[in-house]
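Novice: Relevant sequence annotations retrieved from Swiss-Prot are reproduced here:
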type	residues	note
BINDING	K268, D273, D291, E352	Mn(2+) 2 binding site
BINDING	D273, D350, E352	Mn(2+) 1 binding site
ACT_SITE	K280	active site
ACT_SITE	R354	active site
Amino acid sequence: MEIDWQIGPASEWRADALIFFGLEEATEPLPGFKRWLDQHGQWLSASPVLRDFQGKYQEVAVCYGPPEANIPRVVMAGLGTREKFDMERLQGSAAAALNRCRELRLARPAFCLRSFYGLPLMVDSALKEALIGGLTGLHRYEELKTRDIAPSAAPSRLVVLNEYETTPELRALPGAAAAAAAGIILARDLVSSPANRATPAFLADCARRLADRDGCRIEVIGLEKAESMGMGGFAAVARGSRQPACMIVLERFPEADRRESPIVFVGKGITFDTGGISLKPRDHLEEMKQDMAGAAAVLGAFETLGRLGSDRHVVGIMPCTENMPGGNAYKPGDVIRTMSGLTVEVISTDAEGRMVLCDALTYAMRYKPAAVFDIATLTAAVIIALGQRVAAVMANRDILAEAVVDIGAQVGERLWPLPLYDLYFDYLKSDVADFKNVGDRTAGSIVGGMFLKQFVPDTTPWAHLDIAGTAWTDKDLGTTPRGGTGFGVRTLTELALQWPDLGIR
């Protein structure tokens, strides 16, 4: 969908529908809507639809005016009460409004910049989040359907209206919103893709397309080379599958000043997780195609950074394989030597994510990174702890965990810090190796983070994002239909963009 500005007197604005927002229990309309109503919407004042509109969250009302009018419809989108207003509600309301426009087959709906006046959010931020919510809320993963497909009725163009010329920064916001939405949509589609399609090779092809478009350096390390490099953890998991495994390495601006150490993102890319020999139960097993959501988030962040033309030096490392049972699969009781030289006793082959990530983290140190962020659907325990709308973050610096939480909040991705006290390592102690890959059921998410911590030097800022709960949704969330959510794309993107200003060493 294209997004255009239209600058000029409100009497000259043209659109199939003009979208305004309303708060529940408000004594009067938001100031931007009130002004437009007084000056140009007299026909709307007497509308029973407007009088019945209550402003409840995601309530949508369509008011019809004279067919010959420049703007023959007004779409009212409810935000709920002011006390509960947040960025996510604005995104959801914008998505609800644009989905109603889709149902009405409107080709050219519009947001008015003044419609965001009076909200507890800066106007530029409100515009950007409404656009992102609308764009992502309209998208559906239907690429593989062949029957009962309705012709796409999504708007082809979205217009932003304003009476006066805006600043260059404000002018650029629709492009930034489209870039963010594109990254989220890419990640969602990869996660929602079936595992017989979204194989490790498929993810590698996606990475190559990004590299070709943006001039990134790319290396795809196959299993044989990974074994020769000593990646015992990655290889142990990969040997159980017939699908060729690979470690994907993407680097933005490899010719950047080498005095600028890169930010490294490490994303878990288990394209299907049966649990291996420690076989998972059958319930919801089909959803284990989502176990590559960490890698998808990294690719989504690269998609956004590329569209933004960012000059940040960023590396993405994605260990991609299936975790399957079979004659070559690794087994409980095996001892694996990792790329770091540390040995791991395998207690559960269903804790495969940390086995592939540990080698990716060791490989990341070759870049002498300014910081490392790994993102993974690592533990079911995090769902028990935080549910499906909040992810966990663990870090080797408290200030870094706080920064991740804060940046996530800025973009509507909720994260919560969990501790990594040294005492948690006791759960990993082994009689036959340096440590085990799991403990008992106690503190499962934290113990997973503690395992990964062993592979990052204390001198390197590192954070682990456990997105096992947030990577997938079983219900339509307004901006996110059932399936992959794209969680983490915006947090990773902002970490890359804001890192120089965070002052963390």
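Easy rule for this one: first residue shown is 1, then count along the chain.
A Cβ is built for glycine as well, from the same backbone N, Cα and C atoms used for every other residue.
I'd like these features described in context: how deep, what's nearby, how far apart.
Specialist: In three-state terms derived from DSSP, D273 (Mn(2+) 2 binding site) belongs to an extended strand segment.
A 10 Å cutoff on Cβ-Cβ distances gives E352 (Mn(2+) 2 binding site) a total of 31 other Cβ atoms nearby, all chains included. DSSP gives E352 (Mn(2+) 2 binding site) a helix state.
Every protein chain shown contributes to the tally, and the Cβ of K280 (active site) ends up with 15 other Cβ atoms within 10 Å.
For R354 (active site), the Cβ neighbour count at a 10 Å cut-off comes to 27, with all displayed protein chains included.
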Novice: Could you measure between E352 (Mn(2+) 2 binding site) and K280 (active site) for me? Cα positions, answer in whole angstrom.
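Specialist: One finds 12 Å between the Cα atoms of these residues.
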Novice: Round to the nearest Å and give the CA-to-CA distance linking D273 (Mn(2+) 2 binding site) with R354 (active site).
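Specialist: Taking the Cα atoms only, D273 (Mn(2+) 2 binding site) lies 13 Å from R354 (active site).
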Novice: Which residues does K268 (Mn(2+) 2 binding site) neighbour through Cβ under 8 Å, counting only same-chain ones at least six apart?
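Specialist: Expected: D291, M292, A293, G294, A295, M318, P319, G353, V356, L357, D374, I375, A376, T377, L378.
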Novice: Taking only same-chain residues 6+ apart in sequence, whose CB is under 8 Å from that of D350 (Mn(2+) 1 binding site), what do you get?
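Specialist: Within the chain, D350 (Mn(2+) 1 binding site) has Cβ neighbours under 8 Å at D273, G275, G276, S278, L279, K280, N323.
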